[in-house]
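Right, one structure below, let's go through it.
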Number of protein chains: 2
Amino acid sequence: MGLVAWSVAAAAGAVVLSHTIVDPLVVIGYFSVVAGFVAWRLIPLLSDIFFEARLAGNDVNKAHRPLIPESLGIVVATIYLMALFLFIPFPFKQWFAQDDRTEGIRTFPFQKLGEFLAALLCLQSMVFLGFADDVFNIRWRYKLLMPTVASVPLLMGYYLSDGVTYMIVPLPFRPIFGQILNIGILYYVYIVMLTIFCTNSINILAGINGVEAGQSLIIAISIAINDLLYVNGPDKPAADVHLFSLYFMLPFIAVTTALLWHNWYPARVFVGDTYCYFAGMTFAVVGIVGHFSKTVLLMFIPQIVNFIYSTPQLFHIIPCPRHRLPRLNPETGLLEPSRAPLQELSPLGHTLARLLNGVGLTRFTYNADQTPAEMTNLTLLNLILIYTGPLHEQTLAGVVMALQVIGSGVAFTIRYKLVHFFY
Amino acid sequence: MGLVAWSVAAAAGAVVLSHTIVDPLVVIGYFSVVAGFVAWRLIPLLSDIFFEARLAGNDVNKAHRPLIPESLGIVVATIYLMALFLFIPFPFKQWFAQDDRTEGIRTFPFQKLGEFLAALLCLQSMVFLGFADDVFNIRWRYKLLMPTVASVPLLMGYYLSDGVTYMIVPLPFRPIFGQILNIGILYYVYIVMLTIFCTNSINILAGINGVEAGQSLIIAISIAINDLLYVNGPDKPAADVHLFSLYFMLPFIAVTTALLWHNWYPARVFVGDTYCYFAGMTFAVVGIVGHFSKTVLLMFIPQIVNFIYSTPQLFHIIPCPRHRLPRLNPETGLLEPSRAPLQELSPLGHTLARLLNGVGLTRFTYNADQTPAEMTNLTLLNLILIYTGPLHEQTLAGVVMALQVIGSGVAFTIRYKLVHFFY
C-alpha cells in the first residue's frame, strides 16, 4: 500500500515535470531519487523470486555460508534503464515548446537523440548479456566478447555521428608523429578495448560484500564531480557532453547506493556479473560519447593496478586457483589472504614469484625444509591484507573504497595539474 | 571447425559489403541468411546450457513427456539483434560516401537513424523482459505491463520525431468527426495497446509444437510481401517506411525459420515466452514506425479471433483451467479438445456456455442425467479439433499456419479491395 502511494506521488511529480519547462538536470535528479527509492524497496521484495529461479549463491566468507540471492544487479539495471527511457524527451523539450524550424530546416538535434539512444542500446545490451552470463555461466572467452558485441551500437553511432578518430599526441612523441595523429580504425579498437577493460576490471576486483557496488559508487561520484566542473563553463560543447554524462551518472549513483545498502556487510543480496558489467559499461559509454575516455580511465587506477598485479595468475605464469578471494579465519572472524601452491612452477614463474616476494608484493609460506610452499594470490584484496594484517570483511571493503577515493584524487591531480607536462 | 570456416566466410562477405556501395536490401538479405544459418547451427549446440540453467519443460503432448530445453527464443532474438546492430550503418552509407553538407547544413538523416535505434531499443527491451519472464515466471498483471515499458523508447522516439497523432476518419463517421481527427494522447494509448496485443496474442495461441514460430513466420512473410508492393513504388515516403520494415522482417523470417526447424514436431526445443514477445514486438514496431499498424493488425486475424473467443474464460465468466491445450489421446496418438468443468457456473456463464454450444462454438459432454458436465476450452486450437476431429500434433500446427495464410489473404483483400468502402 505504501508502495502504491509512493508510485502515485512519483507519477504525479513526473506529470508536473512533463508540463513545465524545467532544467533537465532537475528532472533527472528527481528521477534518480525515485529510481533509488524504488530500487531500495524492491530489492528485498524480489529476493524470493531469485531463490525460486535458483539464482542464489553461498556467502563463503561467513561462518555458516548462508545462501543468498544473486544477480540483483538485474533489478537495479532495469530500474535505471526505465528511468532513462522515461527521461529521453526531457533534454529535448525546448525544441518542441517553440517552432522547430529555422528557415524551413528543422533545428531538432536528432544527432544528440541518436547518441542518447545508441548509448542506451549499448548499456541495455550489456545488461542483457550480463544477465545471460548469470543464468548460463558463459565461458571466459565468450565473456570477453560480450562487451564487444554490446558496444557495436555505440561504435556505429560514433562512426555515423562525427567519427573523430584523431588523437592529440603527447609532447614527448610530437617530434615523431606531429601534434595531431589520425589513428583511424585503431580508435575503434581502442573503444572496444576500453569497454572490455571497464566491464571486466570491476568484475575481477570483486567477491567480498559491498566491494563491487562500493568501488563503482566512488567512480561514479568522481565522474559526476568532474562533470560538474564543466556544465556551467564557457566551453559549450564540453558543457554539453558533461551534461550528457551527468544524465547517466546521477541515476547510476542513486540505484548503486540502494544496491550497496543491501549488499553491504552482512550482505542480504549479491550483485552478480550483471551489475559489474552494467557499471563498467556505464562508465565506458559516458567516456566514449563525451570524448573523455582517458579521464574515465584515470578513475580506474585501483582496477588497473589490480589487473596488472593479477596478470601473472590470469595468464597462468603462476598457478591460479579457481577462487582467489581472501579467506575467512573462523576463529578470529577476520579475512586473511588466500594462497596459491608453489609446486609445478615453470622457471619463469619461479623467478617471477621470488621477485614479487622479494619486493613485498606477495608473501611466501615455507615448508619444513625452508623451500617455498605457497604464496598469497595476486589480487589487490590480498595485497591489502598483507600490509594491514587480517581485517574484518566490511573494513576491507571500506579500505578498497578509500583507495578508490585516493585514486580519484590522483586522477584529478594528473588531469588538471600534471597534464601540462604532456600536452 | 566447420563453424569456424563458415564464420570466416561470413566475415569476409561482410568486409566486402562494407567496402562497396551496395543496396542495403542486398546487405540485409546477406545478413539474414547468415543469421538464419548461425541460429540453425547454434540452437542444438546450446541446448545443454539451457538444461544446466534449468530452463527446460516437459512436452506434455508426447507419450513419455520428454524434458526439452525451453526459451530458445533468446538465442534467435540475440542473433537477430546482433545482425541488426551490424546492419545499422548500411542504410546510411551513401551519406558518408559523398560530402555530407549541403550549403553548410549536414544532410545526414539523423532522424531516420534515431527511429532505427529507438526501434532496436524497444525490441531489445521486450526480448530482455521476455527472458526475465522465462527465468522468473512473472505474474500476469506484470506481464501485461512489460510491453508498455518496452515500448517507451518507441513512444518517445515517435513523440520526438514527427508525432503525427491524426487519424483518417472512416467514411461512416465523417459526418460526425470530419475527414481527419487529431486523437492526440489517445494515439499513444493506441500504440501501447497495440504492443500489448501483438505480444500477448501470439503467446496465447501457443502450446503445441511449431505453432508459435509457425504463425509468426506466416505473419512476417505477409508483412514482407506487403512491403514489397511499395519499395519500388512512386510514393517515396511509403517506399522508405516499407524498406525499413523489410530490414526488420527479412532477418526475422530467417531466424524464425531456423527456430521452427528445431521446434517443429517432434520438438527438440521450446521457443519460450521470450520468442512470443520478441515476435509480437517486431510486428508492432514495424507497424508503428512505418505508420501501417492497421495493416499489421489485419495480419493478426487468427489471433484476434482466438483472443475474442477466449475472453469468456480469460475474464473468468466461464471456468478457466490452468492449461487449455488440446490433450493427447495416448491410444490414438492424436490430439483431442481439452475441456473445462461446468459446475459452479454463474447465471451469466451458464447462459453464455449454452449459447456457445448452441451455435457450435463449443461442445458439451453430458452426465448420465443429461445435464452438461464439461465443455471444450475456448481456444482456436480446440475449436479446430471440434470440426476436424482428433488430429496429429503436426497436422494441427499445419492447420493453424494454413488459417494464418487464409487470414493474410483476407487481410490483403480488405486492405486493397474493400478499403474503398471505408476511406
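Using the three backbone atoms N, Cα and C, a Cβ is placed for every residue, glycine included.
Note: TrEMBL annotation is automatic and uncurated.
Taken straight from TrEMBL:
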TRANSMEM  B:28-51  transmembrane segment
TRANSMEM  B:72-92  transmembrane segment
TRANSMEM  B:112-132  transmembrane segment
TRANSMEM  B:144-161  transmembrane segment
TRANSMEM  B:176-197  transmembrane segment
TRANSMEM  B:204-224  transmembrane segment
TRANSMEM  B:244-262  transmembrane segment
TRANSMEM  B:274-292  transmembrane segment
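Spatially, the transmembrane segment (B:204-224) is not adjacent to the transmembrane segment (B:176-197); fewer than three Cβ-Cβ distances between them are under 8 Å for residues at least 6 apart in sequence. Proximity of the transmembrane segment (B:244-262) to the transmembrane segment (B:144-161) is not established, fewer than 3 Cβ-Cβ distances being under 8 Å for residue pairs spaced 6 or more apart.
The stretch from B:28-51, B:72-92, B:144-161 that makes the most Cβ contacts under 8 Å with the transmembrane segment (B:112-132) is B:144-161. Sequence-remote contacts of a segment are chain residues at least 6 beyond its ends whose Cβ falls under 8 Å from one of its Cβ atoms, and for the transmembrane segment (B:28-51) they are 3, 6, 10, 13-14, 17, 67, 69-72, 75-76, 79-80, 82-83, 86-87, 90, 246-247, 250-251, 253-255, 257-259, 261-262, 268-269.
Sequence-distant contacts of the transmembrane segment (B:72-92) (same chain, six or more residues past either end, CB-CB distance under 8 Å): 14, 17-18, 24, 27-28, 31-32, 34-35, 38-39, 42-43, 46-47, 50, 108-109, 112-113, 116-117, 120, 123-124, 127, 130-131, 134, 243, 247-248, 251-252, 255-256, 258-259, 262-263, 269-276, 278. Away from its own ends, the transmembrane segment (B:144-161) comes close to residues 111, 114-115, 117-119, 121-123, 125-126, 129-130, 133, 138, 188, 191-192, 195-196, 198-200, 277, 280-281, 284-285, 288-289 of its chain (Cβ-Cβ under 8 Å, at least six residues beyond either end).
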